[in-house]
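Have a look at the structure below before the remarks.
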């Protein structure tokens, strides 16, 4: 059994992928936590006395993030008010179980928790969406909707900042994926540690330089309970291929993960490259590269019985949307009255076809920070 | 005599025999190993997190590499390619030997000792 590289005299329990050091449990905890603290302070992620929502899925990353944030907040006196924010996509056998883990986090870490559901926000659960579009493009819907759901949730909670559990492997994976897709615009911004979606609430990634292996080892040694069932819809996701490629390369040399992130960070898109200009969605006001944001397009497709609408090229989408606009009598009634609210209603505060009742606006008004309590 | 002839049979048969006959298990199988599956890896072994197993260790050294194939042949319930790849675990599955990273112990070449506890943790799932 090798001894700890720090020369503390204890036996090593882990080989760090980032450095190759063999560390004992105590020295590993110390290194793990202080590196995250260093990441936070160097990038000035949080201002004192601000409120921070931690995006919590019940998985390993957000569980470790919540634990470490609470610990560092106390240890280094960040003076942050921490909240948990969860999105319920409505995936039977996945999210309903993982939300129980989030509730456990709420109790263990004594943080208020707010759960927002796709059904509340969009009128559709993921189960219903999959029933409509099949399993090929469902992760597109889920990802796009979740991104906005977290933004909306952060907005509703009136927090100053939203922290997500993206780890180093996730970021490297995204860099690879954007290269494979030729998505230069996303490649350009996907490594940023702070991003802003135009609503003034920054999204930050405190675990950006933390390896997945260390997160899992940390959770294991700290005996943190997290939820680990694969999403029942995930096996067909494109991301899985990028992930396997990355994991295979990591086996040969673990430092590739940091090197890919570094490449993404230092990469500069040449000035002649055609990049989409960012604007606000004409329907919901969220930041978008198109006139109508992806979430609104996908939702429009679902509500009009054209679920493939948002999957193809944006030029085709625009044409299809114009066609729909001209034929607006189809709205909602195409699917009965079960899915009356779309994103457009958010702004107009009324549904185009029903005119008055809006499920969403009522629910939004009910949510405020004061009402969040630790049960 | 019995043991020698059995050694030439494939591992699966030995273990099946060992499981079926308590006598064999007690007299010959003196390498007791506790296996644990977590982080989603338990799905591959019928959702049973802990497996107590025993191997005949006389004249035979068992490495984790051997153990992996034994697991594949005996307790893996589905999709072996999600567990085993190129003679080792699939990248993304962490292995701990008595609560220490197997990368500190020569990974597949580690020689099992009695009462070892081997833990497999999958990291391959979303959050």
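Glycine is treated like the rest: Cβ placed from N, Cα and C.
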Listed co-binder of ATP (same site as A:55, A:56, A:57, A:61, A:165, A:170, source TrEMBL) among A:87, A:91, A:193, A:201: A:87
Which listed residue (A:55, A:56, A:87) has most other Cβ within 10 Å, given these are binding-site residues: A:56
Subset of binding-site residues A:57, A:61, A:87 within reach of chain B (CB-CB under 8 A): A:57, A:61
DSSP three-state assignment for residue A:55 (ATP binding site): strand
CB within-chain contacts under 8 A for residue A:61 (ATP binding site), separation at least 6: A:165, A:166, A:167, A:170, A:207, A:212, A:215
Residue distribution over DSSP helix, strand and coil in the domain 'Cytoplasmic tRNA 2-thiolation protein 1 C-terminal' (A:279-309): 10 helix, 4 strand, 17 coil
